[in-house]
Amino acid sequence: MAKRSIYFCGSIRGGRNDAQFYAKIIQHLKQYGDILTEHVGHCGPEEEGLDDKTIHDRDLAWLLQSDVIVAEVTQPSLGVGYELGRAIAADKLVLCLFRPDSGRRLSGMIRGAINSVNFFVEDYHQDEYASKIDQFFTVRVTRP
């Protein structure tokens, strides 16, 4: 049986305050498939030696080949917004996770994209990330 491919989105250049938390989310997601973007959870220097075009083309190819996209959208990021727009255009199954207790407001372009078919946004507290992911994969994601 083929393993499911999961594309995880999280802020890189928009701010790395949540990088360690992204690593926890990624670790939890591994039970559901292969994570194509595990580097998003690394706390070291961002993708040394890769130019912007290479990063864009590689990440877009991964996004398009993925079965599911999970995005942590609390830290605003132009790149994550772009990835989500491309995911919607490609009719991908998407879960966005947002922490309202961060003091931020989620963009209307993200929350307004909820369609109850393949684009979902879950508000959560940081200690609830695993249960929100588990619920999504149990209810929304079909077996690979």
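Just so you know, glycine gets a Cβ as well, placed from its N, Cα and C.
According to Swiss-Prot, the feature substrate binding site maps to Tyr7, Phe8, Cys9, Gly10, Ser11, Ile12, Arg13, Tyr22, His39, Glu83, Ser107, Gly108, Met109.
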Extent of the substrate binding site in Å [max Cα distance among Tyr7, Phe8, Cys9, Gly10, Ser11, Ile12, Arg13, Tyr22, His39, Glu83, Ser107, Gly108, Met109]: 28
Candidate with the highest Cβ count within 10 Å, taken from the binding-site residues Arg13, His39: His39
Binding-site residues (Ser11, Ser107), the one with most neighbouring Cβ atoms at 10 Å: Ser11
Among Cys9, Met109, which are binding-site residues, the residue with the most C-beta atoms within 10 angstroms of its C-beta: Cys9
Cβ neighbours of Tyr7 (substrate binding site) where a neighbour is any other Cβ within 10 Å: 24
